[in-house]
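Colleague: Before anything else, here's the structure in question.
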Amino acid sequence: LIKELVNMVIQHAEEEEVKELKNPCECPRALHRVCGSDGNTYSNPCMLNCAKHEGNPDLVQVHKGPCDEHDHDFEDPCKCDNKFEPVCGDDQITYLNLCHLECATFTTSPGVEVAYEGECHAETTNAMEVLFQGNPCECPRALHRVCGSDGNTYSNPCMLTCAKHEGNPDLVQVHEGPCDEHDHDFEDTCQCDDTFQPVCGDDEITYRNLCHLECATFTTSPGVEVKHEGECHPETKVNQLILKSCMCPKIYKPVCGTDGRTYPNICVLKCHISSNPGLGLAHLGECKVAVLAKETGEVRNPCNCFRNFNPVCGTDGKTYGNLCMLGCAAETKVPGLKLLHNGRCLPKEQL
């Protein structure tokens, strides 16, 4: 009799297993609670597996038993920002930062570990092609609003990256938090027409029109100014393809070059150094007002500012778009103006 009961139990278990293989949501009513990585308690492992198949493919079991308040720490393993602090995984893929690598252990690359800090070596993989593995629009539902350079607010950095891949390749994050009325000033930095009214930049490159030159100050040629109207003279024109071999992220993490120009990030500076061996790093952060170039003794225009919105408050009680813009005002409009603090001025500070 005992043997028959054991056989019946085994047969029932096998039937349940077959059912689960046929339809993952045909689950027994047995109460055997487990905690999911989304912070929810499921009646049994089969119910968790059902939820996984019904729209939450990254769901995994955290532990047996119901979830408690601490288990919510496991929600959204892919809630990562887009700060460029690359790490190379032992799968020879460059990840945007450590968080993105840890996210991959839950999604595309289970068990991946850090091989070393920095981008993977060029001979192993093209770093910029693999910063976002899989579908860039498979985003967590986490609410961590960011403001895009198109003036739109995105639910989180992943949603902004999705929009970038879906038809807006020049889109970048301006700042964390929702956009406000001032952020629309930064829309469409490089939306230029093709009218041929050439100008020659002081980088000896001919630009199709003034708008294209101004666009270059945000992308390939930070700090470039108009040398004269019309095309550059052929004998002085330099190779315009120098920078095409440099694949740099469109992240604004400014550094100051020894030529007195502010570069959007260290990668762009290194790219310019490759064609200008005398150029070097002066310091991290934007160049100070009227930096004296070491090689030429030339004083750069203090109003060659990027339009990234990183507000600062001046001692005049006014909010400036970024530190460079405050420096420009100090040199041209408000002598003696200094930085009061980072961030917008408070109402009580406004004069």
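Every residue gets a Cβ built from N, Cα and C, even glycine.
What Swiss-Prot lists as disulfide bond is CYS25-CYS50, CYS27-CYS46, CYS35-CYS67, CYS78-CYS103, CYS80-CYS99, CYS137-CYS162, CYS139-CYS158, CYS147-CYS179, CYS190-CYS215, CYS192-CYS211, CYS246-CYS271, CYS313-CYS345 (among others), and the listing cites sequence analysis. The domain 'Kazal-like 2' feature in Swiss-Prot is assigned to 72-122. Sequence annotations record features per position, and here Swiss-Prot assigns domain 'Kazal-like 3' to 131-181. Look at Swiss-Prot and you will find 184-234 tagged as domain 'Kazal-like 4', backed by sequence analysis. For 240-289, the entry in Swiss-Prot reads domain 'Kazal-like 5', with the evidence type sequence analysis.
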Colleague: Should any of the disulfide-bonded residues CYS50, CYS67, CYS80, CYS139, CYS179 have a Cα within 10 Å of the Cα of CYS27 (disulfide bond), which are they?
Modeller: CYS50
Colleague: Cβ-Cβ under 8 Å from CYS25 (disulfide bond), same chain, 6 or more residues apart: which ones?
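Modeller: Expected: CYS50, HIS53, GLU54.
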Colleague: If you compare CA-to-CA distances from CYS192 (disulfide bond) to each of the disulfide-bonded residues CYS158, CYS162, CYS313, which comes out shortest?
Modeller: CYS162
Colleague: Neighbour count, 10 Å Cβ-Cβ cut-off, for CYS139 (disulfide bond): what number do you get?
Modeller: 19
Colleague: Measure the Cβ-based neighbour count of CYS80 (disulfide bond), defined as the other Cβ atoms within 10 Å of its Cβ.
Modeller: 22
Colleague: Using all protein chains shown, find which of the disulfide-bonded residues CYS27, CYS46, CYS99, CYS158, CYS192 scores highest when you count other CB atoms within 10 A of its CB.
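Modeller: Result of the Cβ crowding comparison: CYS158.
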Colleague: Cα within 10 Å of CYS179 (disulfide bond): which of the disulfide-bonded residues CYS35, CYS46, CYS215, CYS345 qualify?
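Modeller: Within 10 Å of CYS179 (disulfide bond): none of them.
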Colleague: Quick one: which of these disulfide-bonded residues, CYS35, CYS80, CYS137, CYS211, CYS271, CYS313, have their CA within 10 A of CYS158 (disulfide bond)?
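Modeller: Correct set: CYS80, CYS137.
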Colleague: Pull out the disulfide-bonded residues from the set CYS35, CYS80, CYS271 whose C-alpha sits within 10 Å of the C-alpha of CYS162 (disulfide bond).
Modeller: none
Colleague: Can you grab the distance from CYS46 (disulfide bond) over to CYS211 (disulfide bond)? Cα atoms, rounded to a whole Å.
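Modeller: Roughly 60 Å, rounded to the nearest whole number.
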Colleague: By a simple count of other Cβ atoms within 10 Å, which of CYS137, CYS147, CYS162, CYS179, CYS345, the disulfide-bonded residues in the record, is least packed?
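Modeller: Lowest Cβ count within 10 Å among the disulfide-bonded residues (CYS137, CYS147, CYS162, CYS179, CYS345) is CYS137.
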